[in-house]
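Quick look at what TrEMBL lists:
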BINDING   47-52, 155-156, 180-186, 205-209, 274-277, A331  GTP binding site
BINDING   S51, T186  Mg(2+) binding site
Amino acid sequence: MNCFAGLCSSQDEQDASQKNMAINKDLKRYRKSFENQLRLLLLGAGESGKSTIVKQMRVIYSTGFSTKEREQMKKPIYSNICNSIKTMIEFIEQADIPLEDSQLIEDTEWMTNNVAEDGSVTAENSEFFDRAERLWHSDVIQEAYRRANEYQLLDSTKYFFDDIERIRKLDYLPSDQDMLQARIITTGIFETKFIVKGATFHMFDVGGQRSERRKWIQCFADVTGIIYIVATSAYNQYLREDTSQNRLVESLELFTSIWKNRWLSQVSVVLFLNKCDLLKEKIEVSDMGDYFDDYDGGCDYENAKGFIRSKFLAIGIATETRRLYPHFTIATDTANIKRVFTDVKDIILHFHLAEFGLV
């Protein structure tokens with residue numbers, strides 16, 4: 001009987017060993033599956049640079065942009081240029097900035113009367129480009145550009161106008177940088193898939209305007225991590241949808257609501273303090289202290305960066321299961337985003353595996 005019991009015991013041990021091996025095999029496969037499927041949600045206020053980050057992922061980790069996509073982007077780029085020049089002309093009129101040159105008067109009147117709101121021009125519209133280029137180099141338009149924080153002007157304005165000779169050519173095909181600089185308002189939810197060192201990322205870009213934010217909740221399920229994007233250069237600007245609300249204040253308030261959201265309480269957050277190149281230009285001529293009473297760093301770029309960073313860190317207080325990881329970024333700088341995203345991938349992956357006890 002004891003021998004029979006021993007045989008049973010041996011058989012039980014063998015069965016247990018096989019089950020254990022099967023469990024370990026499943027766990028290994030489970031771990032590999034989770035390691036290789038990462039869902040990232042891009043959040044932030046409008047015009048913070050979310051869509052540019054998505055485009056960078058395609059440039060860095062995927063096949064980039066096809067010739068067809070570049071051709072299709074020509075119209076939005078021309079529209080951006082039209083929008084910028086018309087917006088600056090409208091500001092000149094509203095601010096009562098005098099046009100003393102008869103040629104400038106003629107050019108502004110022509111733009112007002114002949115350029116549609118949708119900016120439907122092509123490279124064949126040589127008269128438009130002649131007048132736009134002449135206006136851009138005028139003192140009055142340059143003054144309007146310097147005062148861009150007083151109204152709504154695209155961040156890409158200077159980039160496109162400084163290179164308008166190339167853009168207006170009949171054989172023009174947008175470069176990678178043109179594609180990154182082009183502004184198209186995001187409405188709805190867009191998914192981009194790409195692979196980084198064996199890990200598959202599903203990145204979701206959601207419109208940041210207030211009217212779009214109600215759609216965010218649809219993306220919260222099974223989120224691996226959040227990248228929250230802030231336009232640091234927007235400290236002296238106001239929302240398109242609410243001209244009484246400072247854009248940086250809006251970003252801080254929005255971040256507070258995300259950090260405190262109970263559905264996201266276990267989700268790691270990476271903070272992209274974006275548009276640092278524009279911040280560096282602005283801080284030299286526009287004192288942040290005029291917009292934030294607790295700022296006393298003057299026109300120093302590093303002081304300005306540190307101040308904005310501290311504002312968000314004060315909200316995103318670390319817990320046992322969650323931390324905020326800030327990075328200073330320039331979304332249009334491919335090398336910068338590639339370097340930063342290498343760190344982001346490691347951070348997100350670590351927390352993702354830790355959530356399931358796999359590290």
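Glycine is no exception: its Cβ is also placed from the backbone N, Cα and C atoms.
Automated prediction, rather than curation, is the source of TrEMBL annotations.
Structure coloured by features recorded in TrEMBL.
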residue : record              : Cβ within 10 Å
E47     : GTP binding site    : 22
S51     : GTP binding site    : 23
L180    : GTP binding site    : 24
I184    : GTP binding site    : 11
T186    : Mg(2+) binding site : 19
V206    : GTP binding site    : 20
N274    : GTP binding site    : 28
A331    : GTP binding site    : 27
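Cα of T186 (Mg(2+) binding site) to Cα of E47 (GTP binding site): a span of 9 Å.
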